[in-house]
Amino acid sequence: MNIRSNPDTTRPAVTTGALPSSRKIFSVPEAAPDLLVPLREIVLSEGAGEPNLPVYDTSGPYTDPDVTIDVNAGLPRTRLAWVKERGGVEEYDGRVIKPEDNGNVGASHAATAFKAHHKPLRGVGDAPITQLEFARAGIITKEMIYVAERENIGRKQQLERAEAALADGESFGAAVPTFITPEFVREEIARGRAIIPANINHAELEPMIIGRNFLVKINANIGNSAVTSSVEEEVDKMVWAIRWGADTVMDLSTGRNIHTTREWILRNSPVPIGTVPIYQALEKCDGDPVKLTWELYRDTLVEQCEQGVDYFTIHAGVRLPYIHLTADRVTGIVSRGGSIMAKWCLAHHKESFLYTHFEEICDLMRKYDVSFSLGDGLRPGSIADANDRAQFAELETLGELTQIAWNKGCQVMIEGPGHVPMHKIKINMDKQLKECGEAPFYTLGPLTTDIAPGYDHITSGIGAAMIGWFGCAMLCYVTPKEHLGLPNRDDVKTGVITYRVAAHAADLAKGHPAAQLRDDALSRARFDFRWQDQFNLGLDPETAVAFHDETLPKEAHKVAHFCSMCGPKFCSMKITQDVRDYAATLGDNEKAALYPEGSKLASGMTMKGVIEDGMTQMSEKFKEMGGQVYVEAEAVKESNKVL
């Protein structure tokens, strides 16, 4: 692992280099031989006796040793040619960056602007612009081919077992196929059941898909605040998050230099970037929600569309008639965006401008193919408030808005709670599918209990695994700092790894055809005492090695046939291996001693056959004794003499 930056600049240093015993490889789709779809290959030890394991990779070129990273130049703009090739877009000058875009920060506190400037694109006319419009028109885009190839990692090896894996899982109505084709991707997008968040101005993007019939995805939140962090830290957090498996990243910056921070992140991000535009709009009016206007908000949307933001959280479901429903809650309105709009509605005693101008928002977002992430501004902030009328009233409105956005050609996913105890989670998934026409669900956890500040990555990981199993398409991570402070680099990693576990557990439970490949490979390595393979097949090899080395630090311990838990004498796997090895070395004489001449095993009967024969004898004996559960002891003794 290396920390690289351009030696001629003080701009962000980011983590590069491959993960332990891994290498970047590329898959070429048959439908588009010009595409290179990245994946990570975990290289197993020579004695493994099995092939290396390919896994889904979110890390972009940062883990490719053949690529020189220069954050000042940004990543290659590969998608630009795809977008222009399709047509229906125009290049234009774009809006001028204004002082308020960065919070009117003074020169002494202004962050260095990203130097490379690219003119933005926007859609023109009625030609398809969004992935949804292309899908409905029967057109398979390069993005669709790309994500189909990514989703199929491991499925080719598992084709023979795919049906069995699907049958073994419980998908709760999801239609996970044995193999993902570009046509299947197109159909899912056309039906609104999946989205490819991919702004036409985010040319650096490696496309991915969000939907319940695909791998469960996770999102990591980053962003500065008025009191802490910088551009350098946030770019590094983004790269760090995707290194460990974040499929998307949301920039939730609320402090200075919001525009500049976002530009640096976007130009260096291979994953979709989401934002909550109301945060920046609020900064433009000195943090006073009452001063917000539709015109100011719309200008902020244009600004972020031109930069390349892939999805917007918009709290258009927080309506004036619903606010009073939160009055009796234990924790009221906990969403920042929701509370901002609630205050605006009450101050002006008007319906939310996000709701009244929703069709205009759709028209604007369509021009750039920015996806909606319809925000749950009235989500419960405590388990006491879970599944109340305020939460579900907003969800019903989000269903109404979903239909409007779809009619306008926009891609949509729906945000969900929050704080929900385990027994109330499934109704959230079921109601979302019903109200929102199976649009992808994207939830924050949910946290299943409120008693563990400092451990809410665990309280939420439990709920995330459950709702992912029930059909949630993307899980928003929670870090140990939830409710306590702004997460640092270590917290980001902990949150991402926790949610990778939850997402993978959900894929297993749904019966994803290739999900168990990695589990089985690691289990075999564990049984064979291939310690290095165990470490490297895990989600976090570095932590696994560190924990092992705390008690067994010598290199010789990494080939030992025991661990510190049981020691050499009591290791169950070692004992099992010894028994197997002993059985394999037995000669004919020893086997004859174990299975005397005339015994059923010696005659060739299988152990199962011997057991079944014995059970039959005992059944007959039960009948002979009169068929009674309890009998006299003397009678049993006499019966045994006969046998």
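Each position is counted from 1, following the chain as shown.
Heads up, the Cβ atoms here are built off N, Cα and C, so glycines get one too.
Record features (Swiss-Prot):
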BINDING   Asn221, Met250, Tyr279, His315, Ser335, Arg336, Gly337, Asp376, Gly377, Leu378, Arg379, Glu415, Tyr442  substrate binding site
BINDING   His419, His483  Zn(2+) binding site
BINDING   Cys563, Cys566, Cys571  [4Fe-4S] cluster binding site
Cα distance (Å, whole number) from His419 (Zn(2+) binding site) to Tyr442 (substrate binding site): 14
Alpha-carbon spacing, Ser335 (substrate binding site) to His419 (Zn(2+) binding site), which is rounded to whole Å: 12
Integer Cα-Cα distance in angstrom, Tyr279 (substrate binding site) to His419 (Zn(2+) binding site): 22
Farthest-apart CA atoms of Asn221, Met250, Tyr279, His315, Ser335, Arg336, Gly337, Asp376, Gly377, Leu378, Arg379, Glu415, Tyr442, residues recorded for substrate, distance in Å: 20
Surrounding CB atoms that lie within 10 Å of the CB of His483 (Zn(2+) binding site), all protein chains: 13
Set of same-chain residues at least 6 away whose C-beta sits under 8 angstroms from Gly337 (substrate binding site): Val276, Ile278, Tyr279, Thr313, His315, Val318, Gly375, Gly377
Neighbourhood of Asn221 (substrate binding site), C-beta criterion under 8 angstroms, separation at least six: Val249, Met250, Leu252, Cys476, Tyr477, Pro487
Pairwise Cα distance for Arg379 (substrate binding site)/His419 (Zn(2+) binding site) [Å, integer]: 8
Surrounding CB atoms that lie within 10 Å of the CB of Tyr279 (substrate binding site), all protein chains: 20
Close in space, distant in sequence - His419 (Zn(2+) binding site), Cβ under 8 Å, 6 or more apart: Arg379, Pro380, Gly381, Ser382, Ile383, Asp385, Ala386, Gly445, Pro446, Leu447, Asp450
Number of Cβ atoms other than its own within 10 Å, given for Arg379 (substrate binding site): 26
Other C-beta atoms that fall within 10 angstroms of the C-beta of Tyr442 (substrate binding site): 27
